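Peer 1: Not my notes, these are from TrEMBL:
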| type | residues | note |
| --- | --- | --- |
| TRANSMEM | 21-47 | transmembrane segment |
| DOMAIN | 22-305 | domain 'ABC transmembrane type-1' |
| TRANSMEM | 59-76 | transmembrane segment |
| TRANSMEM | 142-158 | transmembrane segment |
| TRANSMEM | 164-184 | transmembrane segment |
| TRANSMEM | 246-270 | transmembrane segment |
| TRANSMEM | 276-300 | transmembrane segment |
| DOMAIN | 336-577 | domain 'ABC transporter' |
Amino acid sequence: MKKKNWLSIVSFYAKECKFKLVISVFFAVISVFGGIVPYIAVYRIFMLFFDGNQTTDNIIYWSGIGLAGYVTKVAFHSFSTVLSHISAYRILQSIRLSICDKLMKVPLGVVLNESAGKIKNTIVDRVETIEIPLAHMIPESLSNLILSICVLIYLIIIDWRMALASLISVFIGGIAYGIVMKTYNEKYDDYMKSSNHVNSVIVEYIEGIQVIKAFNQSAKSYEKFEKAVNEFKNYTLDWFKSTWKLINFASSALPTSLLGTLPVGLYLYIKGSLNPADLTMCLLLSLGIVGALTNFTVLVNDLKSIQFALRDAYEYVGIDELPNASKKKKLNSYNIQFNNVTFSYDNDNEVKNDDKSALIDINLNIKEGQFIAFVGASGSGKSTIARMLVRFWDVSEGEIKIDGVNIKDIPIDQLMDSISYVTQDNFLFNCSLMENIRLGNINASDEEVIRASKAACCHEFIEKLDNKYDTTAGEAGGKLSGGEKQRIAIARAILKNSPIVILDEATAFTDPENEDKIQKSIAELTKGKTLLVIAHRLSTIKNADKIVILNNGKIRDIGEHEELLSKSSLYKNMWDAHIGSKHWAASSNKSSDSEVQLSV
Ligand SMILES: Nc1ncnc2c1ncn2[C@@H]1O[C@H](COP(=O)(O)OP(=O)(O)OP(=O)(O)O)[C@@H](O)[C@H]1O
């Protein structure tokens, strides 16, 4: 991942609103100069009195000019702020969208290895911290900087000694700030780690609340949450305590320009080298930059928070994407080939280190329309094979081809259109069940969604819900059984109607009625398709054209059921264990075995 300077990141995201930002700065500059006018007007009125020209007309004239300057300041400040806020929100929107977009394009492992709390914290909270600095910093800070420089030049013109005197407080405040800033990066890093930890613990607590309650761990896990919150509080408080004296000193010293100008000015006046009008003007001008200098202290903090928030956001935006082909490939068949496929989840692993590789030297030919089952002990690599085919990760060595084309050369969109992957995790989004099923094909009509639901045996239970297909997954969530959720996932896949179906067969929903319905819906989904089943119960895959036995990431044997029973001791043992457990389940439940075998 290439590192990028935070300014170039901002300007990249500000591309679309650059014009607005420029205008915003321009208005802010006008506003700042408008703000100087009242000081000049007051100076002029003083001069009128010193010169003995204090007529009502003259005083009204300069008062009017002062008022006009003030109105200009307020009006242009408002215009500038509106434009800078619009731009800031656009930039925030672009950053958030590009992180979400990126998460879809990077290897799945990168996303899964991060805690949901940290990702949420970056996308929502961290990016939000940029808004206020961005909306105010660019116009206000820039214009304040310009104002300070102009005032300084003006002071030099009036009396260079007074100009130097006005910088005394800047110098003292600057040193104090410099000391605080020395450890700022390190402290801020730790602060962010602590904040991410709190977020992760909160999200974990909420996501796992069912398990926590079921195992009566509420008090214990709350302790973990409380500890994280306390640690965060302690850290922030310690940081605050270690810096507040210096920060307070710096922020009070920096804008106190009178600290230098008043004694020096009086000294020069007494010595006779500064006339009263110039002394008054110098004091007024140095007061005029107090606001600008105060803003400058805020700017230092703002710059840091922008810098760190963008660094965190760029941690995601800058992740290398899975290479994606741009040109659609013409596929005449859906024959699948695994050639010497080796894969390790550990990027640093030397390929072919058998202990660390999840798949080693997988060679497999699957013909279009075949039904292939993968069996093996837990952790043997069954799901990894499926993840390789859908490119959730890329193979470390070897290649996977569809119709002779390496899947890396097929655009990911086209590949995903060709494959329906029904995983064990039947995630439902918090929208209506109609929309949840329509995810399979966003162009499907309501009628097509209902037809797919009927085929997946979902229609009946959805119709019984209060709002039928309009029930949101959130409302229905508690009312849906695991098997019903799985059938909704199957309905999605039926609607998608891809030529290749991968089924990570769930073991959880094995009550006879659900099982019967699930098998019926699967039979409907897989009609005429190339079917890859990750099998957990062997009786459902007895009819497979090929059963692939995996062991520690390697293919141990391939064959049909009967063939494997006679030639593979591993398969025979698995089958015996399966039959044994079925008999045990049947006798303990006193229920008949109603497994329906898959057929394609
Ligand atoms: N995201 C991951 N990161 C690191 N290692 C992983 C990841 N997912 C799986 N593994 C490891 O890869 C190996 C193969 O896992 P895989 O999920 O493919 O097995 P499986 O045969 O499908 O198991 P199960 O039947 O329990 O689902 C295991 O050792 C597992 O610990």
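Glycine is no exception: its Cβ is also placed from the backbone N, Cα and C atoms.
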Peer 1: What residues in the same chain, six or more past the boundaries of the transmembrane segment (246-270), come closer than 8 Å to it by Cβ-Cβ distance?
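Peer 2: Answer is 159, 161-162, 164-170, 172-174, 176-177, 179-180, 276, 279, 282-283, 286-287, 289-291, 293-294, 296-297.
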Peer 1: Where among 21-47, 59-76, 142-158, 276-300 do we find the most Cβ pairs under 8 Å to the transmembrane segment (164-184)?
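Peer 2: Top-ranked stretch among 21-47, 59-76, 142-158, 276-300: 276-300.
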Peer 1: Please indicate, using numbers and ranges, the residues of the same chain that are 6 or more beyond the transmembrane segment (276-300) and have a C-beta under 8 Å from a C-beta there.
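Peer 2: For the transmembrane segment (276-300), the list is 32, 35-36, 39, 42-43, 46-47, 50, 137, 140-141, 144-145, 147-148, 151-152, 154-155, 158-159, 162, 165-166, 169-170, 173, 177, 181, 250-251, 254-258, 260-262, 265-266, 268-269.
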Peer 1: Same chain only, please: residues at least 6 beyond the ends of the transmembrane segment (21-47) with a C-beta under 8 Å from a C-beta of the stretch. Say none if there are none.
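Peer 2: 14, 54, 59, 62-63, 65-77, 79-81, 83-84, 87, 138-140, 142-144, 146-147, 150-151, 277, 280-281, 284-285, 287-288, 291-292.
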Peer 1: Taking a Cβ cut-off under 8 Å, which residues six or more beyond the ends of the transmembrane segment (142-158) line up next to it in the same chain?
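Peer 2: Residues packing against the transmembrane segment (142-158) from afar: 25, 28-29, 31-33, 35-36, 80, 166-167, 278, 281-282, 285-286, 288-289, 291-293, 295-296, 299.
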Peer 1: Average pLDDT across the domain 'ABC transporter' (336-577)?
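Peer 2: Result for the domain 'ABC transporter' (336-577): average pLDDT 84.
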